[in-house]
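Structure first, then comments.
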Amino acid sequence: MSSVVVVGTQWGDEGKGKITDYLSEKAEVVARYQGGNNAGHTIVFNGEKYKLHLIPSGIFYSDKVCVIGNGMVIDPKALVEELAYLHERNVDTSNLRISNRAHVILPYHLKLDIVEEERKGANKIGTTKKGIGPAYMDKAARIGIRIADLLDKEVFEEKLERNLVEKNRLFEKYYEVGGFNKEDILDEYYEYGQQIARYVCDTSVVLNDALDEGRRVLFEGAQGVMLDIDQGTYPFVTSSNPIAGGVTIGSGVGPSKIHHVVGVSKAYTTRVGDGPFPTELHDEIGDQIREVGNEYGTTTGRPRRVGWFDSVVVRHARRVSGITDLSLNSIDVLTGIKTLKICTAYKYRGEVVEEFPASLKVLAECEPVYEELPGWDEDITGVTSLDELPVNARHYIERVSQLTGIPLTIFSVGPDRKQTNLVRGVFA
C-alpha cells in the first residue's frame, strides 16, 4: 500500500497538474478530493496542451482509475462539457469514477456567486463566480443536492423545488433580481446526470479497496494551502480544505493510509484575485516574470499577481499539511534576473516574525525580510539533473529547501512533463 498527496504550498497555480501528471506514471489510481471547476490545471500530453477543471490529471492513462471524490462540488454541465472536450480529442474516459456523495452545483449557485460578489463591491474576495462557495454553503446547511439525488428524478425534483422557494425569496427580496422556475433546471440537469451516471459509484470503496490491495494511489489537491478555508488568508480563500488533511474528509480514506505529501511550489510566488500578498512585485521584474512564466489564470484568464518566493508561506504550508517532499517548479522563469530575492521572515513593528500571521491587519503591516542571491543567465530548460544546473541556480534551489525545511524531490525547468526531473522517488 502506498499513497501520495500532491498539494499546492502557495495560493494555487503552482503547477500541481503537471506534477500529478508526472507522478501518475507510477500511480494506479488518481483522485481529487476538494474544490470544483474553479481550479484549472494545464497538462501537456504527447505534445498537446489540455486544460482541465474537474477531471483528474490521470485521465490520459487508460490503465489508471481516476476518481472525483465526495469532497468536491460538481457542476454537471461543466463536467459533461469537459468529458466532450476529451472525447473530441480521442481521450478514453471509461476509467473515470464519480462519488455518489459529491454535491452538485446548480444555476442558482452560479447566480448567487455573481450577485453576492457584486453586492460586496470594494470588499469582494475575488471569487471565480463558478458557484463553488454557495454550493458548499448549502452542503454545510444540509440542504445540498448530491449526485445520488441528481440521478433520481423524483428526489431531485423534490429537493430542487424546496430549495428554489428559499433561493428565489433571496434573489427577489434581498438582491432584487429575478429567480428561477423549476422547469428552467429540472430536465436539463437531470439529463446531465444521466450522461454521467455510468461513472457514478461509492468512490470511498474504490479507493480503500485499491489501498488494501497494495495499489499506488495519488491524491490531487486543487488551489493551495494559502487558499484553505481554515489555514489560508481568510476570508480571501476558497470554500474547502486543499490541505492534505482534506484528503481524509473529501475522499473517505482514513489518515493512517496517507504516506507522502508532496508540496508543489513555484520558484517565485503568484496569486489570482484579492487578498494579502507580502512579497508582491509592482515593477519590471514582476512584469518579466508574469510574461515569461505566462502567469494568466487557466480558469479566468486573469493576470496573476507575481512576487518573490516566500519561505514564511511555504513553511506554514509544510506545518499544516505535513509536507514531506518539495517539488519546485518554473525555475527556468527566473533565468536572466541579475539578483534574486527570497523572503526569509517578516518584520512587524520592528519585530521579526517567522510564522505566518492569522490577522490580516497584522499581515498588512508586515514587511518582507529578504535574502539576496545571484541569478544566472544560462538556458536551463534542457537540464535533466541537479548537477547540470548552473552553480547559482543550484544554490537557489538548495536555499529554498533549507529555508522551508522540505527535502527536494522534484524540480522543473519548463512546462513540458519531459522538463520535470525526479531527485528521489515517493512511491514505495
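Just so it is clear, glycine is given a Cβ too, placed from its N, Cα and C backbone atoms.
Keep in mind the model is a prediction, meaning the values are calculated, not measured.
Taken from Swiss-Prot, the feature active site, proton acceptor applies to ASP13, supported by sequence analysis.
The feature active site, proton donor is assigned by Swiss-Prot to HIS41.
Per Swiss-Prot, GTP binding site is recorded for 12-18, 40-42, ARG304, 330-332, 412-414, and the stated evidence type is sequence analysis.
The IMP binding site feature in Swiss-Prot is assigned to ASP13, GLU14, GLY15, LYS16, ASN38, ALA39, GLY40, HIS41, THR128, ARG142, GLN223, THR238, ARG302; the stated evidence is sequence analysis. Counting only same-chain residues at least 6 apart in sequence, those with a Cβ under 8 Å from the Cβ of GLY15 (GTP binding site) are VAL264, LYS266, SER327, ASN329, SER330, SER412. Under the DSSP three-state reduction, GLY15 (GTP binding site) is assigned to coil, being neither helix nor strand.
Among the features that Swiss-Prot reports, Mg(2+) binding site is placed at ASP13, GLY40, with the record citing sequence analysis.
Long-range Cβ neighbours of GLY301 (substrate binding site) (same chain, at least 6 residues apart, Cβ-Cβ under 8 Å): none. Annotation source Swiss-Prot lists substrate binding site at THR298, THR299, THR300, GLY301, ARG302, PRO303, ARG304.
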*Tertiary neighbours of LYS18 (GTP binding site) (same chain, Cβ under 8 Å, six or more apart)*: HIS41, THR42, ILE43, VAL44, SER57, ASN329, SER412, PRO415, ARG417, THR420
*Compile a sequence-ordered list of residues in the same chain as PRO303 (substrate binding site), six or more apart from it, whose Cβ lies below 8 A from its Cβ; state 'none' when nothing qualifies.*
ARG290, GLU295, TYR296, GLY297
*Within 10 Å of VAL413 (GTP binding site), Cα to Cα, which of the binding-site residues ASN38, THR128, ARG304 are there?*
none
*Which of the recorded positions GLY12, ASP13, THR300, ARG304, ILE331 has its Cα closest in space to the Cα of ASN38 (IMP binding site)?*
THR300
*Could you measure the widest C-alpha to C-alpha distance across ASP13, GLU14, GLY15, LYS16, ASN38, ALA39, GLY40, HIS41, THR128, ARG142, GLN223, THR238, ARG302, the residues recorded as binding IMP, and give it to a whole number of angstrom?*
34
